[in-house]
Amino acid sequence: MTNIRKTHPLMEIINNAFIDLPAPSNISSWWNFGSLLGICLILQILTGLFLAMHYTSDTTTAFSSVTHICRDVNYGWIIRYMHANGASMFFICLFLHVGRGLYYGSYTFLETWNVGVILLFATMATAFMGYVLPWGQMSFWGATVITNLLSAIPYIGTNLVEWIWGGFSVDKATLTRFFAFHFILPFIITALAMVHLLFLHETGSNNPTGISSDTDKIPFHPYYTIKDILGALLLILALMLLVLFAPDLLGDPDNYTPANPLNTPPHIKPEWYFLFAYAILRSIPNELGGVLALVLSILILVLMPLLHTSKQRSMMFRPISQCMFWILVADLLTLTWIGGQPVEHPYIIIGQLASIMYFLLILVLMPAAGTIENNLLKW
């Protein structure tokens, strides 16, 4: 008798994706982040669902409803903080996952990579709208500032912003629609993640060497299931340490003040995971230029396959490219720091230099390093 997992139409899909899947024998812990992102997504949907049961998307009661969740709902505080800090864990995993893709040349799987970039944009949109929902000061002013950026688009900008707001300012209509979108987007992300996985399984996984591993495959289960479980336990440990010991570490104190359109906070800034892009936006004096740079800072990932000049796929054996990669990482950390600083003397110029360096590294220095390494191979 054939095993049910190989004959049942649904079980067969699960079997081919998570059990009998041929996987390279040498993939490192950097390949754990896909499954960790899946766990983060499930966790966010579940905690979000329970929060939505008690949340009200009305400007007069939104802030109070979040307070009510934390004070009166059974274990509401832990659900709320797991959701808020779960978003941070989600983005940590996302950045590491993308970084892994850049380092090991995984972007040569074009379809998988492009769906991944769409996933990144969708996740960023979801997180932004989620940050507006508690209706604190930073929620309100963050929503006002970021949506207002669209007014920089020539001709249609102002109409577009008012259409998104549902009025002439960020108000009840904005909050209600943001809640609706924040609820639906994670399910769209789940569907996109399945497409991402579908395209990945067409080619099979990359590996640290960047060389085809078709001659040396092992079954996904038990080898990588146990490895993923270890990763998941470490992720949950890190999340719960954050939730139980420092739940407000990554948040903004201003968000504990109810939204007030008449009082602007001294420093408007987004959550930490958007600071690098925010720093790039602020470093350009022209509004439209800043918005374009902001979008391009993420959209540039789509160009990565075109900018690959090396004869080798992975950076494992390319020391010059490795240097460029780690300079890029340091540059992104610098941008993240600058994004959280006020707009004054030393920070402005540091932000501008870091922004120039970001685009210079990706568009010029990394492709140049690949070409130099190709020539070194001839020696």
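Every residue gets a Cβ built from N, Cα and C, even glycine.
Features of the protein shown, as given by Swiss-Prot:
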- 33-53: transmembrane segment (TRANSMEM)
- 77-98: transmembrane segment (TRANSMEM)
- H83, H182: heme b b562 binding site (BINDING)
- H97, H196: heme b b566 binding site (BINDING)
- 113-133: transmembrane segment (TRANSMEM)
- 178-198: transmembrane segment (TRANSMEM)
- H201: ubiquinone binding site (BINDING)
- 226-246: transmembrane segment (TRANSMEM)
- 288-308: transmembrane segment (TRANSMEM)
- 320-340: transmembrane segment (TRANSMEM)
- 347-367: transmembrane segment (TRANSMEM)
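The Cβ of H196 (heme b b566 binding site) lies under 8 Å from the Cβ of T112, V115, G116, L119, each on the same chain and at least six residues away in sequence. Closest to H97 (heme b b566 binding site) in space, going by CA atoms and restricting to the binding-site residues H83, H182, H201, is H201. If you look at the transmembrane segment (347-367) against the transmembrane segment (288-308), you find at least three C-beta pairs under 8 angstroms, all six or more positions apart, and that counts as contact. For H83 (heme b b562 binding site), the same-chain residues 6+ apart in sequence whose C-beta sits under 8 angstroms from its C-beta are Q44, T47, G48, L51. The binding-site residues H182, H201 differ in how many other CB atoms lie within 10 Å of their CB, and the one with the most is H182. For the pair H182 (heme b b562 binding site) and H201 (ubiquinone binding site), the Cα-Cα distance reads 29 Å. Cβ-based neighbour count (10 Å, all protein chains) for H97 (heme b b566 binding site) stands at 20. Within the chain carrying the transmembrane segment (33-53), a Cβ under 8 angstroms from the stretch's Cβ atoms is held by residues 69, 79-80, 82-83, 86-87, 89-90, 93-94, 96-97, 100, 182-183, 186-187, 189-190, 193, 228, 231-232, 235-236, 239, all 6 or more beyond its ends.
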